[in-house]
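Heads up: the structure comes next, in structure tokens.
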Amino acid sequence: MTHQNTETASLATTKGALEPLPPDKTAGLSTGAGHEISSDESEGSEEETGLHKDPSQRQRQQNATFQAFLSHHAETIVNSPVKPNQAQSELSISSLIGRNASGTGILNPREYQIELFERAKVQNTIAVLDTGSGKTLIAVLLLKHVIQTELIDRANGNPPRISFFLVDSVTLVYQQASVLRNNLDQNVAHFFGAMGVDLWNKQTWAEHFEKNMVIVCTAEILNQCLLNAYITMQQINLLVFDEAHHTKKDHPYARIIRDSYLRVPPSSRPRIFGMTASPVDTKGDVLEAARNLEALLDSKIATTSKLTILRQVVNRPNEEVWIYDKLQPTFTSDLYKLMESRFGDISHLEPMFRFARHATSELGTWCADRVWVSALADDVLPKVEGSIGGKRQSTGLGQLPKDVHRDITRIKEASELVESHPPNDPGAPEALSSKVRVLWKEISQCFGQETNTKCIVFTEKRYTAKVLFDLFTVLNVPGLRPGVLIGVRSSDRIGMNVTFRQQILTMVRFRTGEINCLFATAVAEEGLDIPDCNLVVRFDLYKTLIQYVQSRGRARHADSTYASMIEKDNADHESILVQVNDAEKIMQSFCQLLPEDRILHGNDDDTDAVLDREEWEEPYTLPSTAARLTHHSAITVLARYASSLQYENDTSAQVTYVVLPVNDAYVCEVILPEKSPIRGATGMPAMKKSTAKRYAAFEACRLLRKHRLLDEYLNSVYHRRLPAMRNARLAITSHRTNEYKILPKSSLWNKQIGVIPGKLYGTVISLKPLTPLAREHGSMILFTRDRLPQFPTFPIFLGEDVETIVLTVPVNMELQPSADELDYMTTFTLRIFRDVFRKTYDKEPEKLPYWLLPAISFPCNQEADPRDVVNWEILSSVHERDDIEYQADMPPEMLVDRFVYDHWDGRYRYFTLAVDENLQPSSPPPSHVARRRHMDTIMNYSISLSKNSRAKFLSRCNWNQPVLHAELVRLRRNLLDRMTDKERKLETRSVICIEPLKISAIPAAIAATCLAFPAIISRLDAYLIGLEACKKLGLEISLEYALEALTKDSDNTHEHRSQQVHMQRGMGKNYERLEFLGDCFLKMATSISLFNQHPDDNEFDYHVNRMCLICNRNLFNSAVKKELYQFIRSRGFSRDTWYPEGLTLLQGRDHSKKIGSESKHALAEKTIADVCEALIGAALLTPGPQHRFDMGVRAVSAVVDSNEHNAASWRDYISLYSIPKYQEQAPDGSEIDLCRRVEEKLGYHFRYPRLLHSAFTHPSYPSAWARVPCYQSLEFLGDALLDMVCVEDLFRRFPDRDPQWLTEHKMAMVSNKFLGALAVKLGLHTHLSYFSSALQSQITHYAEEAQAAASQSDVAVDYWTLTQDPPKVCLPDMVEAYLGAVFVDSNFRFEEVEVFFQQHIKPYFHDMAIYDTFANRHPTTFLHNKLTNEYGCLNYCLKAGEIPGADGDASTVLAAVIVHDTILTTGVASSGRYAKVKASENALTELLHIDRNEFRKRYQCDCVQENGEHGERDVGTPI
């Protein structure tokens, strides 16, 4: 992928990736299975159906810190304290259930319950009791007993164990947890899938197990915990199975028993207690089903032996049969005909058409027409429209096609039609069916008078319940207050999707009497705490014994009625009545006739049979944790692993199974998502396709475990291993952390110090102003003990900020000075320090590191004799006289153009300009001159003496001497930068008398140049230090680039557009641009090296190994090892430290202590790492001996310090590469044809056609068909090559742009959006080999859109910015893989990559201004820049995770900005994308008026890494 590389920093610093959110909002964990129910089919609660959703939609790379916060947030929602007066509508589900539980919530046992409890204490038991008879209390009693025993065992030192209360729906989780909390004094936790429990790790589970004695959860949660070895059977003391009749086939109840319970020794098994109203829920042999249930649960059915006592507690209702006349055949109403004629072709309305037609017979025309009113109501219409668009988008079409917009428009028209259609009168003939009329009649009789009747009407379909509710609302039966209770279903097409909260609120209203007639589906049959009714009506007849028993159990009120509605002369209905009655009698007889000891013959054999049926399924057990992998669970484990590879906006990371017939059997190949290190596996042959699929999944899981990509709990390690590597790049701090030794001066100055030099080497220094200077500056020659290199030119700023180029010319011939010559040279050099800089040194030529002398004025060349270059006349003049003494009879013109200085005050140095005949020494100074203490006369103004000395001098001085105009020399020494405003404001015009001052023997032109010498020698010294750094690394880099790479001119140099902190003036260019270039070359060089040295590695290993090489931590460690920190220039010009060291100072301020105090500098670790990359960039700009990248290659080897990259030249890459077998194999006809076609399009001829075949082979393509590797390795290489060619182009074209601008515009050139459009433009998309129907659809639609946009754009080269994003996992990768293939095929000629760039990419980017806004102003991008650049914080992340609706509503997504483990802000939305935007926007608002210091104080931001290790940290995927 182009810029989702593992080494690219995302918004995290423990930087985690910004993880995607599961689109599946249903509860539970996935077993890899699932089914789809049409919205108008039989009612089935979807509360636990979510357990069977594919978990590949789930994200499993959550940061541990965020996960804890997310869990806490969800728990807070569910368990938040309830205010006494808080409205019911504001309560959470737990609070609603807790507040409105029937009775007080304190249960008292009855005799038969105690009897069953005693039995359950000593043996595994299935309690078969009627609904309402108190099975839950027996479970509570048993739990109390088990907890008491457990506490005793723990006190005796036994390992702790806990109890599990397993239920089959999410609503029951809430309800049973509330009951247990009201009856147990121990901690009770409740969990279900939508709480994100499938994302928890062992540590999280261990914490819950440790602090809770009982856990109420849906069964699949425990099943997965057992399979993942988060808990073992030995750690469980009791398993309670609510509604135990579900234990059959592959239900999680059955899987827990088969996969975990029966596989441990009997002595280690927990007690089992099952509860059900009937042990069977299917048609067929009742006794056989009961025995099977006993075998599956390893338990014995038990019921009370005192049924008379039970009858006293559970009132059996009076059973009635309501007979209605035979229904009419289905027909079509007028509204139906009208709707069908105009909108019958809209597939989304098909369920409504089907139900409306069926309802004409079952319910009548009023109800049939009413479904349209409900389905197309104003409040439902937006949901319908969203469902249409969402369904189309879920098929991978991306943007909505025109036909979807058309359907939405027509749906609105249909709604308007229904609204305008005159409603029928429900009392009219044929308006209601005979069945509904009977219901109306009977209910009217029950509610016609003042009564306390409570009624539940059971229907099979959701629509039926809703329409009957609407009907009885319209009929306005006296005393009737109707309501509707249906199951949770997120995919209902007509907006009838209800939430857990709505369910609970409806039951609360029913309990309080606000509703007294519920029209309900099967959701009201089982488990829910619904108060006793005195009328239960089966509008749609039950079909199984369990439905009959459970719905009858709702009629528990005294003198209640249970009515079954049957059609007159309907043999099927009459048969069901007989069958259910017979089955109940048989079941009762079975229970009553069981022997007292409840021993069933053949139980052991039955248990063995359960295991024998899965004998082929030998589990793979991990010894360290006892986690088990079975063939059945392998599919779930594999799906969970695949989902851990998914990132935001990626296509779904799903597992692909390819089943092929082989020798009268089936063999399955499993193909893992593209990002998986292991591509897949092939299973053993099997006679059934489903078995072959399990075999392949099992082998793939074993292979993943072998490569340690599944941990010891069978969870993906990606959420730990990959982000740790992704974060390596940012695993060091950007801020000041340590003090490092700094090299104050080049070691060249110390060579041969202490001896009189026998030979010296000269370097001529001349100045070339860009505009004329106000005064002449003479040339100088610098003699040193060692030869100086050729220095680059550099600017200084003289006079009134005139930019002046410093030219240096090294003289090849050495100078062997005589003793006299050396004496003259020493005298002049020391005179400069005294007169110009007020430092008087002892005359010790053996200690001088250099000699600064005047040069002759004619141009000098390198071959000149240095003796001829020196102006010996000036040296002689200076040597002969200390100063030019002022004489009263001196001609005034001799005083002009002199350098004069105040011997007593170093602030006053002047260049004399002219004599003013109009002024006298006694005249007051002109008003424009700078203010001094004595302004009465010019003579007094010119003196710096003390009071007494001043009086003496004034009494004897010459008051008739001339007055001169002079230029005051600014104290400014840092001529490497322009003047500051303060310096510019200094008044330099002055008037002086000469007598109080000293006239230097140094000519004014030479003195002027000497004033610039501190800046010049400082810059030359910096170049020499850069040269030393390069020599230490074995590099030959241009001094200009070497110094630039080592220059850090502020504390936050890397923050390109932020205000620079502690800015050092005049240091020249800093390292930031070179670091940008070097970073890119480092990525390319290490990619090539790894590709060549490890041809068999997969893309994952390449990314991880490259990250280990190029991460800042590795660069930092390597730099510290080589002591590169001492060469970094972090300080600008110093007026105190430029003087030569070691000389004996006789007069003047001593700066030696200052030099000692600046022996160290504070550097951030990241700065040191950045300098390494900048040195690579500098080496890259220095031509190599054979290839222009040679020096860059050598620099990479020097800074990464690893055997993974030890190349010394570009040629070494070629010698490292061993051609793989597939590349050399003879191509077949299709491969030759592919090369020919691609050559016609792109112009490159492949020597190895199979390389091109590999470049166009998608990872989804089965290896059995491909015969070449997929493109991942070539794409890894091509991605780095493309980055390099784009960066190099921008770097050279825009020399003044900062790295942030370069990065933003490079993003356009290498973006998936552009590369996808380019692939289509070049026609590459037609050559891709893949095996994915989703990809086929995505490529087709994207190509059509891209081609249309290109054809309509005329000459606009940025047309691609207006298209949708391309399929990310193929088209952009194709371009990069093609570049990688060309590079390898051409024997590593980078020039071929440049040719492709010039021909096919650069034409789109000649005018980069077009893309100024491409890096859009996204809140998350801005937040990232603000935190890193403005605040300098690196320890932050943006995380998002799904949480269950606080009250069972649709799941929401919570995003949080975390700074140093503090939740800065959060955002909640329906999707991860918008939640992150909200959180980012809130964070930007929060930080709006906070400066850097306040931020660091408030969030304790120091960004200091406690250690450099990256352990098993679950950090996530960067922004």
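Any Cβ shown, glycine's included, is placed from N, Cα and C.
Swiss-Prot lists LEU129, ASP130, THR131, GLY132, SER133, GLY134, LYS135, THR136 with the feature ATP binding site.
GLU1376 (Mg(2+) binding site) has a Cβ environment of 26 other Cβ atoms inside 10 Å. The DSSP secondary structure for GLU1376 (Mg(2+) binding site) is helix. According to Swiss-Prot, the Mg(2+) binding site annotation covers GLU1275, ASP1373, GLU1376, on the basis of similarity to another entry.
Under the DSSP three-state reduction, CYS1501 (Zn(2+) binding site) is assigned to coil, being neither helix nor strand. Its own atom aside, the Cβ of CYS1501 (Zn(2+) binding site) has 21 Cβ atoms within 10 angstroms in the protein chains shown. The Zn(2+) binding site annotation in Swiss-Prot covers CYS1433, HIS1460, CYS1501, CYS1503.
Swiss-Prot lists 116-297 with the feature domain 'Helicase ATP-binding'.
Feature annotation from Swiss-Prot assigns domain 'Dicer dsRNA-binding fold' to 634-724.
According to Swiss-Prot, the domain 'RNase III 1' annotation covers 1026-1184.
Here Swiss-Prot flags 242-245 as motif 'DEAH box'. In the predicted structure, the motif 'DEAH box' (242-245) carries a mean pLDDT of 86.
Annotation source Swiss-Prot lists site 'Important for activity' at LYS1368, citing similarity to another entry.
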Between the binding-site residues LYS135, HIS1460, the one whose Cβ has the fewest other Cβ atoms within 10 Å is HIS1460
CYS1433 (Zn(2+) binding site) versus THR136 (ATP binding site) - Cα distance in angstrom: 55
Return only the integer: C-alpha distance in Å from GLU1275 (Mg(2+) binding site) to LEU129 (ATP binding site). 65
Fewest other C-beta atoms within 10 angstroms of its own C-beta: which of the binding-site residues ASP130, GLU1275, ASP1373 fits that? ASP130
With the Zn(2+) site defined by CYS1433, HIS1460, CYS1501, CYS1503, which remaining residues of that chain have Cβ atoms positioned within 8 Å of the Cβ centroid? TYR1431, GLY1432, LEU1434, ASN1435, TYR1436, VAL1459, ARG1496, TYR1499, GLN1500, ASP1502
On a C-alpha basis, identify the one among ASP130, GLY134, ASP1373 that is nearest to CYS1503 (Zn(2+) binding site); the candidates are the binding-site residues. ASP1373
Can you figure out which of ASP1373, GLU1376, CYS1433, HIS1460, CYS1501 (the binding-site residues) comes closest in space to GLY134 (ATP binding site), comparing Cα atoms? HIS1460
In Å, rounded, how far does the Cα of LEU129 (ATP binding site) sit from the Cα of CYS1501 (Zn(2+) binding site)? 62
For the motif 'DEAH box' (242-245), jot down how many residues DSSP puts in helix, in strand and in coil. 2 helix, 0 strand, 2 coil
Where ASP130 (ATP binding site) and HIS1460 (Zn(2+) binding site) are concerned, what is their Cα separation in Å, rounded? 56
For LYS135 (ATP binding site) and HIS1460 (Zn(2+) binding site), what Cα-Cα distance in Å is obtained after rounding to a whole number? 50
Where the distance is taken from Cα to Cα, which of the binding-site residues CYS1433, HIS1460, CYS1501 turns out closest to GLU1376 (Mg(2+) binding site)? CYS1433
